[in-house]
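*Asks:* Please find one structure pasted underneath; my questions will follow.
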Amino acid sequence: MSYHKSSGTILMVPLFMLLISVNYFMSCNAQLSTTFYDTTCPTALSTIRTSIRSSVSSNRRNAALVIRLLFHDCFVQGCDASLLLSGAGSERASPANDGVLGYEVIDAAKAAVERVCPGVVSCADILAVAARDASVAVGGPSWTVRLGRRDSTTSNAAQAATDLPRGNMVLSQLISNFANKGLNTREMVALSGSHTLGQARCIRFRGRIYNSTLRIEPNFNRSLSQACPPTGNDATLRPLDLVTPNSFDNNYYRNLVTSRGLLISDQVLFNADSTDSIVTEYVNNPATFAADFAAAMVKMSEIGVVTGTSGIVRTLCGNPS
C-alpha cells in the first residue's frame, strides 16, 4: 500500500477531522433546549430549585459544593454526570476528586424529581440546574440552563487525574488547561471566581505557604502557617475567600489584589501578569464579574454533553443504570 500523498492532501486530513469535531459539538448542543421538559416533566425546574434552596438553607457551604461538582464533572468526559458514579475506577474515586463533596445534595434533588417524574430527568441536567440554583441561593447570578443532557454509563478515574486543574498550577498551565476545554483566559478567570465560596484543605494550600515565591500578605501567611504546619493537619480547612466565604461576591478578587489568595492557582491570577487587568476589572465592576461568571457557566455546562439516543437517564445518580 502506498502512503505517498501531496502536501495539500496531508493538510486536509486534520482540517477534515476538525470540521467533523466542530459539527459534532454543534449538533450535540443544538439538541439542548430550555423547553426540553415542558411536557414530560413541567415541574422539574421548580422541584430542583426547592430541593437546592432547602439544602443551602441547612448549610450554606452546600452552594460551593454543588458548583464544584458541576465543574469537576464537566472537565472530565463532559457534562454527563460521570462524576456522580461511584465505585472503583470511577472519577469519584480518583485522588484528583479527593475532598469533593456534596453528592448527597444532588441525590436529594434527583429523588425529589423522581417522585414527580420517574425516569425522565437526567442527573446531568439536575446537576447543571442545581449549580445555577445554588449560585442564586447565596446571592450570585442566575443564568439560563438549556436542557436535554443524558447520563453516561462510564466514568474514568485516570482522565480525572489528567484533565482537572490543580491548586498548584501556574498561570500558563491554567490557561492551557481551560483552553483544552474550549474556555478562554477571561472565562478561566471568571470561573475561578467561584472560589468566592467554599473551603480548601491544608494539604491543598500548604504549597502556597512553604513552596511558592508568590507574594503573600504577612498576617495572612502567619494565620495560614499556624493552621497548616509543614507536616500534619492535612484536613484543616480554611476559606477560599476569607472575607465572605458563604456569599457570592467579588471579594475573592479583592483578596488577590492584597496577596491573600489561598491557593497558588488563585494568586497567580494577580501576579504582574496578563490576567491582572481582568482581576482589577472584576474588583472595580462586580456586575461585570457576575455577568461574565454566568456566561462562562453556561458555556462550561455544555461541554461534551451527551444527547439524543446516546447515554441513559439514571434512576440513581450513583449507579450506571
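Cβ atoms are placed via backbone N, Cα and C, with glycine included.
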*Asks:* Among Cys123, Cys202, Cys228, which cysteine is annotated in Swiss-Prot as forming a disulphide with Cys317?
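*Replies:* Its disulfide partner, as Swiss-Prot records it, is Cys123.
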*Asks:* If you follow Swiss-Prot, the disulfide involving Cys228 connects it to which of the following: Cys117, Cys202?
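*Replies:* Among Cys117, Cys202, the cysteine that Swiss-Prot links to Cys228 by a disulfide bond is Cys202.
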*Asks:* Do you know which of Gln31, Gln77, Gln159, Gln199 is annotated pyrrolidone carboxylic acid by Swiss-Prot?
*Replies:* Gln31
*Asks:* Figure out which of Thr185, Thr196, Thr280, Thr288 sits with Asp241, Thr244, Asp249 in the Ca(2+) 2 site per Swiss-Prot.
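*Replies:* Record source Swiss-Prot; matching candidate: Thr196.
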*Asks:* Looking at Swiss-Prot, which one of Cys28, Cys41 makes a disulfide with Cys117?
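*Replies:* Of the candidates Cys28, Cys41, the one Swiss-Prot pairs with Cys117 is Cys41.
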*Asks:* Within 10 Å of each Cβ, count the other Cβ atoms, then let me know which of the recorded positions Thr196, Asn221 comes out lowest.
*Replies:* Asn221
*Asks:* Determine the most Cβ-crowded residue among the disulfide-bonded residues Cys74, Cys123, Cys202, Cys317, using a 10 Å radius around each Cβ and all protein chains in the structure.
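*Replies:* Selected residue: Cys123.
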*Asks:* Measuring Cα to Cα, how far is Thr244 (Ca(2+) 2 binding site) from Asn221 (N-linked glycosylation site) in Å?
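*Replies:* The separation of the Cα atoms works out to 18 Å.
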*Asks:* Please identify which of Gln31, Ser82, Asn211, Thr244 has the densest Cβ environment, defined as other Cβ atoms within 10 Å, among these recorded positions.
*Replies:* Ser82
*Asks:* Rounded to a whole number, how many Å is the Cα of Cys317 (disulfide bond) away from the Cα of Ser82 (Ca(2+) 1 binding site)?
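*Replies:* That comes out at 9 Å between the alpha carbons.
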